[in-house]
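Some features that Swiss-Prot has for this protein:
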BINDING   His84, His183  heme b b562 binding site
BINDING   His98, His197  heme b b566 binding site
BINDING   His202  ubiquinone binding site
TRANSMEM  34-54  transmembrane segment
TRANSMEM  78-99  transmembrane segment
TRANSMEM  114-134  transmembrane segment
TRANSMEM  179-199  transmembrane segment
TRANSMEM  227-247  transmembrane segment
TRANSMEM  289-309  transmembrane segment
TRANSMEM  321-341  transmembrane segment
TRANSMEM  348-368  transmembrane segment
Amino acid sequence: MSTNLRKTHPLAKIINNSFIDLPSPSNISAWWNFGSLLGTCLILQTITGIFLAMHYSPDISLAFSSVAHITRDVQYGWLIRNMHANGASLFFMCIYLHIGRGIYYGSYLYKETWNTGTTLLLLTMATAFVGYVLPWGQMSFWGATVITNLLSAIPYVGNTLVQWIWGGFSVDNATLTRFFTFHFLLPFTIMGLTVMHLLFLHETGSNNPTGLNSNTDKIPFHPYFSYKDLLGLILMLALLLTLTLFFPNLLGDPDNFTPANPLSTPPHIKPEWYFLFAYAILRSIPNKLGGVLALLMSILVLFLMPALHTSKQRTTQFRPLTQILFWSLIANLLVLTWIGGQPVENPFIIIGQVASILYFSILLILMPIAGMIENKMLT
């Protein structure tokens with residue numbers, strides 16, 4: 001009897017155990033598609049990014065015009081650039097849906113997988129931030145100035161740290177060069193961490209909508225979920241191409257079509273849509289250091305999710321109180337995203353402050369209490 005190379009070859013064996021013969025719960029829904037979509041996004045962003053880097057010049061006198069040159073003169077440069085810019089938006093859309101699924105179905109109880117995933121989110125946010133600076137438009141320049149300046153709120157070492165990151169006394173050529181370096185380097189770090197993320201996941205196997213042990217009912221990943229993932233992939237690419245080909249600048253900022261000018265501040269400095277919720281939390285606190293801490297905590301709170309789980313049940317599927325809180329949290333995040341894009345004036349200030357307090361209250365106080373109440377209702 002001939003041995004199956006797929007199951008014996010050292011390299012093929014790894015791929016086989018991860019993507020072909022992987023035992024998967026039979027009842028995982030479309031919410032479990034986002035992992036593969038994120039992997040696809042990462043590959044797509046890396047490929048388009050490498051092609052852009054071939055034509056980009058990380059110098060303040062050339063950066064803006066090199067991006068214009070890519071979109072005008074390079075073969076399909078407009079397509080590569082628009083796919084890279086909108087691909088980032090789609091990447092974050094998938095990340096947020098993936099995290100939302102993790103919170104709803106209690107996937108955070110796989111602590112190692114959850115912690116590597118949250119670290120991946122932080123790295124992706126850092127990559128997106130330094131990448132946004134590279135076209136050297138007005139919003140790139142002022143976004144870099146405002147966000148890096150937040151570090152000056154750190155007591156004692158703040159100002160030194162900011163100047164160290166800038167490579168001078170303001171955002172200048174040295175800053176752009178190092179941001180380009182980080183933007184090129186970080187995705188490969190993300191890839192390494194993604195492998196760890198999968199490694200930890202395959203130690204435990206996937207969670208499922210019921211939150212119960214599914215060892216008695218597993219099916220092979222291929223063909224069932226490989227085709228299901230392929231459908232998700234086709235839908236995602238359709239959305240990406242629709243954005244890229246019909247509405248390439250829909251999610252961008254018009255200010256970034258103006259070259260960076262240190263002498264003229266844009267009327268409203270705001271980041272890309274996927275950072276607006278955190279930006280709203282930052283702005284809702286009148287104290288600089290307090291704002292920076294709230295901004296950090298808005299993401300780092302995810303690390304606390306396993307410790308805040310009080311329910312006897314894993315998922316939110318059969319927990320009406322927590323369900324109400326979960327969807328309130330989603331609505332609250334949408335409100336924060338809207339507020340982040342609005343000017344700092346009434347009534348937006350107070351709405352932002354209420355939404356920020358609610359965000360932390362739901363995650364840190366109300367959800368654990370709801371879990372305990374639901375436990376009481378069970379007995």
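Backbone N, Cα and C define each Cβ position, glycine as well.
Model, not experiment: these values are computed from the prediction.
Within the chain, the transmembrane segment (289-309) has long-range Cβ neighbours (under 8 A, six or more residues past its boundaries) at 99, 103, 106, 108-109, 111, 114-115, 118, 121-122, 125, 150-151, 153-155, 277-279, 281-283, 356, 359-360, 363-364, 367-368, 371. Checked against His98 (heme b b566 binding site), the binding-site residues His84, His183, His202 differ in C-alpha distance, with His202 being the nearest. The least crowded of the binding-site residues His84, His98, His183, His202, judged by other CB atoms within 10 A of its own CB, is His202. A Cα-Cα distance of 30 Å separates His84 (heme b b562 binding site) from His202 (ubiquinone binding site). His197 (heme b b566 binding site) sits 21 Å from His183 (heme b b562 binding site), taking the CA atoms of both as reference points. In this view, His197 (heme b b566 binding site) is surrounded by 22 other Cβ atoms within 10 Å of its Cβ, with every protein chain counted. The residue listed as 'ubiquinone binding site' is 29 Å away from His183 (heme b b562 binding site) when you measure Cα to Cα. According to DSSP, His197 (heme b b566 binding site) sits within a helical segment.
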